[in-house]
């Protein structure tokens, strides 16, 4: 058995133990009520772990850069802007009465369209003009953040509270209503992305090598970008915008993996993300008594990893 396969089995066992701990820790009283309630939250956490980890890994592959994430390029601010715009246009009551499927479909279409527009430059330049692409993403991020702030200032306080509640990630109040939609998307994406694992390995060699090996670079990259947008939209609709969590788990997966193959790294990133969210949430809920917030700790650690990667790359 190879080292990577052993690591996958070990992490799988740790994730199962974490899930059991999450379901049963301090589960006093009627288990017929407690277990289904916790199981829904557990499913949402695993869905987020998969969506954030895989989308970040795919994005780093097609950009061939280990310090980039979809949220660094403004996807989180786009989500915040969209929520604020809906509250501004429909009011707080109208926003809360929006059908879940229709709202998610709108978010999905907007984020997919924005991703395709943003990455047209990357596709034309073959990944050689990453600095300009990042700058465009940052500029749009600042634009969306500024417009969102303006809209939040002109709405009344009650509607502002509704808009504000959707601008921060919270693993304590995950949207369990997204489980059915998100679960279907996850199962479909697992089948589609796993089929692309060998092509993703080739993408690490660069555009010229991808073309020489008979792969339609632009078509394949657009296909991957669409799935990245779908996974990002699913994660943000479930828990809110998460900036650096994907970067953190991808950095850990790349560090522990002895292979660049996506057949190894994709399972690793999902397992690591699942362990961090499930075990972390169990500790914060039952050991610390909700005196701290997991999303803040995760984002802080992810930000430190981002700075470390930037400084290490500059030193090299």
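Backbone N, Cα and C atoms are what each Cβ position is placed from, and that goes for glycine too.
Annotation source TrEMBL lists transmembrane segment at 7-25, 45-65, 77-98, 104-123, 130-147, 222-252, 264-284, 290-311.
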Sequence-remote partners of the transmembrane segment (222-252) [C-beta within less than 8 Å, at least six residues beyond its ends]: 44, 47-62, 66-67, 69-72, 75-77, 79-80, 103-104, 107-108, 111-112, 114-116, 119, 123, 166-171, 174-175, 178, 181-182, 185-186, 189, 192-193, 196, 200, 269, 272-273, 276, 295, 298-299, 301-303, 305-306, 309
For the transmembrane segment (264-284), sequence-distant contacts whose Cβ falls under 8 Å of one of its Cβ atoms, 6 or more beyond its ends: 4, 7-8, 11-12, 14-15, 18-19, 21-22, 25, 41-42, 45-46, 48-50, 52-54, 56-57, 171-172, 193-194, 197, 245-246, 248-250, 252-254, 256-257, 290, 292-294, 297-298
